[in-house]
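TrEMBL annotations:
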- 1-120: domain 'MATH' (DOMAIN)
- 142-163: domain 'MATH' (DOMAIN)
Amino acid sequence: NSVDKYESGVFQAGGYKWKLVLYPNGNKSKNVEEHVSLYLSIVETSSLPSGWGVHALVRFFLRDQDKDNDLIIQDAMRKEWHFHRTKLERGFDQFIPLKTLKDAQNGYLADDTCVFGAEISVTPEESTGQGENLLMVKDAISQKHMWKIDNFSNLDEKFYDSK
């Protein structure tokens, strides 16, 4: 296959415009080999207010055309992905091994055709990108995460992500 990168047409979900970005032989810029790389990209963002941010729960799927069901892949580490002006694209560098995709027993390739997709659920948040959501849960299981922020008074970015 000589195509390095393929982009789907633009589609709408949750009031935003998106496209799928597929590297059929792996994303070379991330040194991926022998895997398909698959990403979701938010597009046409110039009309969004400055400081915009979109939280979305994203599930990718790959259709098993023999059994008519889907292999579903989502981020096990975080429930939602945050898209913003410096992070327009999210996904998986190693979505599926090429060997697995091409194995006829899996049914992902039928007549040299495969079907990828994404299910996107956008979570509402302030469009300014500023603000906090607070949820009080009675008898919640306590988990503690410490985030030490040095030179707090000198912070100048609109937001920061913890590790």
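FYI, residue positions are counted from 1 along the chain as it appears here.
Even glycines carry a Cβ here, placed using N, Cα and C.
Mean per-residue pLDDT, taken over the domain 'MATH' (142-163), amounts to 72. Counting residue by residue with DSSP, the domain 'MATH' (1-120) contains 11 helix, 61 strand, 48 coil.
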